[in-house]
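Have a look at the structure below before the remarks.
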Amino acid sequence: MKLLWQVTVHHTWNAVLLPVVYLTAQVWILCAAIAAAASAGPQNCPSVCSCSNQFSKVVCTRRGLSEVPQGIPSNTRYLNLMENNIQMIQADTFRHLHHLEVLQLGRNAIRQIEVGAFNGLASLNTLELFDNWLTVIPSGAFEYLSKLRELWLRNNPIESIPSYAFNRVPSLMRLDLGELKKLEYISEGAFEGLFNLKYLNLGMCNIKDMPNLTPLVGLEELEMSGNHFPEIRPGSFHGLSSLKKLWVMNSQVSLIERNAFDGLASLVELNLAHNNLSSLPHDLFTPLRYLVELHLHHNPWNCDCDILWLAWWLREYIPTNSTCCGRCHAPMHMRGRYLVEVDQASFQCSAPFIMDAPRDLNISEDRMAELKCRTPPMSSVKWLLPNGTVLSHASRHPRISVLNDGTLNFSRVLLIDTGVYTCMVTNVAGNSNASAYLNVSSAELNTPNFSFFTTVTVETTEISPEDITRKYKPVPTTSTGYQPAYTTSTTVLIQTTRVPKQVPVPSTDTTDKMQTSLDEVMKTTKIIIGCFVAVTLLAAAMLIVFYKLRKRHQQRSTVTAARTVEIIQVDEDIPAAASAAATAAPSGVSGEGAVVLPTIHDHINYNTYKPAHGAHWTENSLGNSLHPTVTTISEPYIIQTHTKDKVQETQI
C-alpha cells in the first residue's frame with residue numbers, strides 16, 4: 001500500500017511540474033522580447049500614418065505629405081507612402097529601417113532622389129517609384145540594395161536610359177519601364193549587368209527600333225506592346241534564348257521578316273494581335289518548338305497562297321483555339337473566314353522562283369566566301385552541304401551560316417569545303433533548288449585547268465494534282481537528298497572560255513595586289529617627275545642670279561681698268577713743217593679728224609706709257625728731251641676711246 005502511494009505521488013508531481021516549466025519558459029521569452037524592444041527604443045506610429053501587425057506595416061497614403069514623416073518604427077517591413085506630394089528623397093531618409101522589404105513611393109511628385117537615399121535598406125525587396133516626375137534614372141541611389149528584386153519606374157518623364165543604368169542592382173528580377181512616353185534614347189549597354197532579370201516591361205514607350213536586349217540572358221517575359229515597330233527584323237531578339245512570353249500588341253507591325261524569331265527556342269506564348277500584318281513568311285514559327293499559345297487576331301490578313309502554310313500550321317499545332325488568329329480581310333470572297341478554315345483547294349499556287357541563283361566559285365583557302373540565293377521574302381531557304389548536312393538560318397555551325405537573304409556565308413573556307421552546295425527554297429506550292437560548285441584551292445598553289453564558265457542548275461518542284469485535295473504538309477528534307485514529285489532541271493551555260501594550263505586562279509586578292517602595285521608605280525613616277533621639275537626650276541633661278549651678279553661685277557671693273565696714254569708732239573706755228581709732216585705721215589691715218597704730225601727729229605722722244613692712277617701732267621718725269629713746241633701748248637687735248645676691255649686716254 002505504501003508503495004502504491006509513492007507511485008501515485010510521483011506521477012502527480014510530474015503532471016504539475018511540466019506546466020510550471022512551460023509557463024516559466026514563456027515568461028522568460030516575453031521578458032527577453034520586452035527587453036529587446038526597450039533597448040531598441042520606443043515603437044510609436046507616426047500620427048499621420050496607420051500601423052498594424054505590431055508596427056511592421058505602416059500606411060501613410062493620401063495624407064498630403066511633402067516629405068517622409070519622422071518616427072517610422074524600425075521594425076517596419078511594409079511602408080506605403082503613395083498618393084502624397086513628396087518631391088525629393090534625401091540621403092539617409094530610411095537609414096534606420098533595416099527590416100524594410102517593400103517601399104511604395106508611387107503617385108507622388110518626386111523629381112529628385114539623392115545619392116544614398118536608400119542607404120540602410122539591406123532587406124529591401126520591392127521599390128515602387130511609378131507615376132512620379134523623374135527625368136533621369138537615379139542609378140546612384142540604388143547602391144547597396146543587394147536584395148532588390150522588383151523596381152517600378154513606369155510613367156515617369158524619363159528621356160533616356162544610359163549605359164549601365166541598373167548595374168548596381170544585379171539581383172533585379174522584374175523591371176517595369178512602361179509608359180515612358182518621353183523616352184527618346186536607349187543606350188546599347190542600358191541593360192548591362194541584369195543577368196538575373198526575368199521580366200521587362202517596355203510597353204508604350206514610343207520605341208521605334210528594338211533596343212539591344214542581348215545582356216538579358218535570363219529574360220523570360222518581355223512586354224513591347226504599344227510601341228511603333230513597322231518591321232521586326234532578324235536579330236531583334238538575339239540572345240533571348242530563355243524567353244518564354246513575348247507581347248507585341250498594338251505596335252503597328254506590318255512586316256515580319258523571315259527568321260525573325262529564330263533565336264526564341266524556348267518561346268511558349270506569342271501575342272501579335274492588333275497590328276497591320278497581312279501575311280507571314282513561310283515556316284516562320286518552325287523554330288518555335290514549344291509555342292502553344294499564339295494570338296494573331298485583329299490583323300488585316302490577306303488569304304492567298306502565302307497564308308496557306310499558316311492555316312495548316314494552326315490546324316496542326318493549335319487545334320483547340322480556332323478563333324485565336326483572326327479572320328481573312330482580303331480578298332472579298334474570303335473576308336470573314338477564320339484562318340484555320342483556309343485550304344489549298346481555293347488557290348492556284350506556284351513553286352517559288354529563285355531570282356539570284358548561286359554560281360560556281362573558285363577561291364583560295366582561308367578566305368571568306370559567299371554563295372548567293374535570293375528568293376521571294378515569303379519563302380523559306382535551306383542549304384544542303386556536300387556532306388549531307390542541311391543548314392537553315394537558325395542552325396549553328398562554326399564557320400558556315402545562312403544569312404537572312406538566303407546567302408550561304410563562309411567565314412573561312414577550307415579545302416574540305418570543296419563540293420556542290422544546293423539552295424533549297426520552299427513555299428506551300430513546292431520547292432525550287434539551285435546548285436553551285438565551290439572549288440577551294442591551296443593558298444600556295446595555282447589551280448590548273450581553270451575555267452571561267454558558270455553553271456547554274458535550277459530544280460523546280462510543284463505539288464502534283466493528286467496532292468491538292470490532301471492536307472498540306474511540309475516536304476521533309478533529309479541529308480540523303482530531296483525527292484520531288486515533278487522535277488525540271490535547267491542548266492544554263494553562262495560563258496565558256498578555254499584557258500591553257502598553269503593559269504593562276506583569278507581572285508579579288510590578286511586584282512587588289514595588281515592595283516596596289518600599279519598605284520605604287522604611279523606614285524613613284526609622280527614623285528620623280530616632281531623632283532625633276534623642282535631641280536630644273538632651282539637651276540634656272542641660280543643661272544639668272546649668276547648672270548646678274550656677273551654683269552654687275554663687269555660694270556664695277558670698268559672703273560679700275562688700265563689706261564693707255566699717247567703723247568704726240570705737235571708744232572702748229574710752222575706751216576711748212578706741217579706740209580712736210582703730212583707727206584711723211586703713215587698712210588693708215590686718214591679721214592675726218594686726222595691730226596697732222598710734225599717731223600720727228602728724235603725717235604726716242606715718242607713715248608708710250610701707262611701712268612699711275614691720278615698722275616699729274618704738269619711735268620714729264622722721263623728725263624728725255626722733247627720737241628720745243630710741246631712746251632708751248634697751254635692745255636692738253638684729251639681724246640677718250642672706250643672699248644669693251646679698257647679705256648684709252650690720248651693727250652694731244
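Each Cβ is built from the backbone N, Cα and C atoms, and glycine gets one as well.
As given in Swiss-Prot:
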type     : residues      : note
TOPO_DOM : 1-526         : topological domain 'Extracellular'
SIGNAL   : 1-40          : signal peptide
DOMAIN   : 41-74         : domain 'LRRNT'
DISULFID : Cys45-Cys51   : disulfide bond
DISULFID : Cys49-Cys60   : disulfide bond
REPEAT   : 75-96         : repeat 'LRR 1'
REPEAT   : 99-120        : repeat 'LRR 2'
REPEAT   : 123-144       : repeat 'LRR 3'
REPEAT   : 147-168       : repeat 'LRR 4'
REPEAT   : 171-193       : repeat 'LRR 5'
REPEAT   : 196-217       : repeat 'LRR 6'
REPEAT   : 218-239       : repeat 'LRR 7'
REPEAT   : 242-263       : repeat 'LRR 8'
REPEAT   : 266-287       : repeat 'LRR 9'
DOMAIN   : 299-351       : domain 'LRRCT'
DISULFID : Cys303-Cys328 : disulfide bond
DISULFID : Cys305-Cys349 : disulfide bond
DOMAIN   : 352-441       : domain 'Ig-like C2-type'
DISULFID : Cys373-Cys423 : disulfide bond
TRANSMEM : 527-547       : transmembrane segment
TOPO_DOM : 548-652       : topological domain 'Cytoplasmic'
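Positions of Swiss-Prot features highlighted on the structure.
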| residue | record | contacts (Cβ under 8 Å, 6+ apart) |
| --- | --- | --- |
| Cys45 | disulfide bond | Cys51, Phe55, Val58, Gly71, Pro73 |
| Cys49 | disulfide bond | Val58, Val59, Cys60, Arg63, Pro69, Ile72 |
| Cys303 | disulfide bond | Cys328, His329, Ala330, Pro331, Met334, Arg337, Leu339, Val342 |
| Cys305 | disulfide bond | Phe347, Cys349, Ser350, Asn427, Val428, Ala429 |
| Cys373 | disulfide bond | Ile354, Asp356, Ala357, Pro358, Val381, Trp383, Gly406, Thr407, Leu408, Cys423, Val425, Ala434 |
If you count the C-beta atoms lying within 10 Å of each candidate's C-beta, which of the disulfide-bonded residues Cys60, Cys328, Cys349 ends up with the smallest number? Cys349
Judged by other C-beta atoms within 10 Å of its C-beta, the most isolated of the disulfide-bonded residues Cys51, Cys423 is Cys51
Could you give the residue numbers and ranges of same-chain residues that sit at least 6 residues beyond the repeat 'LRR 5' (171-193) on either side and whose C-beta is under 8 angstroms from one of its C-beta atoms? 130, 135, 145-165, 199-207, 211-213, 215-216, 223
What mean pLDDT score does the repeat 'LRR 7' (218-239) have in the model? 94
If H, G and I count as helix, E and B as strand, and all else as coil, what does DSSP give for Cys305 (disulfide bond)? helix
On the DSSP side of things, how many residues of the repeat 'LRR 2' (99-120) fall into helix, strand and coil, could you say? 0 helix, 5 strand, 17 coil
Long-range Cβ neighbours of the repeat 'LRR 2' (99-120) (under 8 Å; 6 or more residues past either end): 56, 74-93, 126-135, 138, 140-145, 152
Using a Cβ-Cβ cut-off of under 8 Å, list the residues of the same chain that are 6+ residues beyond the ends of the repeat 'LRR 6' (196-217) and lie near it. 154, 170-181, 183, 186, 188-190, 223-229, 232-233, 236-242, 247
Give the residue counts of the repeat 'LRR 5' (171-193) per reduced DSSP state, in the order helix, strand, coil. 0 helix, 5 strand, 18 coil
Assigned element (helix, strand, coil) containing Cys349 (disulfide bond), judged by DSSP: coil
